[in-house]
């Protein structure tokens, strides 16, 4: 067994040394020196080289032969999902990303939060004004959207949606960018019906920040991606919340008005199996739900537009900059797709 473990580690290290990436134009030539060793482990397959490129690009490490074979099998199954979906010529395409060797069950466990009832949005308090909305909006162009972050193996999406909204509100109000602490929310916001790496809601996080006295910076309270003891220090507070504005459940007209004229808005929706492999285009689904108890992932709506005649929401995710369209995705607008307008709110900062 030790011999096989060494072989697997060598495979990963050797590909990294070669500087190979998943998009290299001639990967077969570059991996030919190790191809024979790789095939000894996973057997001859038309997906072997693709798997080698994938493992190198995303720094995959498999400790045993059985684990490597298992991941290769999952990878091959996900390739088939990508291929069959893209053949349908939908408004979006799937592609290989760092989740391509994960099962749906693993993904759901590590990346998604438990469903929670968004009671705060049963009756919203955002006021629509009688004004013509711009045809499209992208807050990134105004320099107030912070960089895409990665929540890691923790169902803390709600904290990244919260900090993303606050970082944008802060930049809008004070003219400078800031990176805020997700870990403080993971560790300290439990009294407001949040559950750290097991899920939570931005609306409840805004309440915690308001009554706790503020949120620290990322630098002062860095992210670990694990549940921990609360280490909040008031001296390090960087932003305070005066209150939050909730969008009425399912009211996409309110949400669009808020995104157009207020600022980026925290939203939540239901992630289903194929979404984890999203690459580009306007995502739509016939299998996701749209009730408050369906939504399982919080993100940040930063704009909207129209692509090939289909209106969409432009949304910032928290799965890293290599996922999707540079960390972003587009979701069809007008149908409350996957519950995107079911649980929406934005903060007012001080």
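Placement of Cβ uses the backbone N, Cα and C atoms for every residue, glycine included.
The signal peptide annotation in Swiss-Prot covers 1-19. Residues or ranges marked as N-linked glycosylation site by Swiss-Prot on the basis of sequence analysis: 117, 177, 246. Summarising the annotation, Swiss-Prot assigns disulfide bond to 154-197, 188-230. Annotation source Swiss-Prot lists active site at 157, 297, 317, citing sequence analysis.
Structural mapping of features recorded in Swiss-Prot.
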{"residue": "117", "record": "N-linked glycosylation site", "Cβ neighbours (10 Å)": "14"}
{"residue": "154", "record": "disulfide bond", "Cβ neighbours (10 Å)": "21"}
{"residue": "157", "record": "active site", "Cβ neighbours (10 Å)": "25"}
{"residue": "177", "record": "N-linked glycosylation site", "Cβ neighbours (10 Å)": "14"}
{"residue": "188", "record": "disulfide bond", "Cβ neighbours (10 Å)": "23"}
{"residue": "197", "record": "disulfide bond", "Cβ neighbours (10 Å)": "19"}
{"residue": "230", "record": "disulfide bond", "Cβ neighbours (10 Å)": "14"}
{"residue": "246", "record": "N-linked glycosylation site", "Cβ neighbours (10 Å)": "22"}
{"residue": "297", "record": "active site", "Cβ neighbours (10 Å)": "25"}
{"residue": "317", "record": "active site", "Cβ neighbours (10 Å)": "28"}
Residue 157 (active site) versus residue 197 (disulfide bond) - Cα distance in angstrom: 8
Cα-nearest neighbour of residue 230 (disulfide bond) within the listed active-site residues, 157, 297, 317: 157
Within 10 angstroms of residue 317 (active site), Cα basis - recorded positions out of 154, 157, 188, 246: 157
Where residue 317 (active site) falls in three-state DSSP terms: coil
Secondary-structure category, per DSSP, in which residue 246 (N-linked glycosylation site) falls: strand
Nearest-integer angstrom distance between the alpha carbons (Cα) of residue 157 (active site) and residue 297 (active site): 6
Among 117, 154, 177, 188, 297, which are recorded as recorded positions, the nearest neighbour of residue 246 (N-linked glycosylation site) by Cα: 117
Rounded to the nearest Å - Cα separation of residue 177 (N-linked glycosylation site) and residue 117 (N-linked glycosylation site): 32
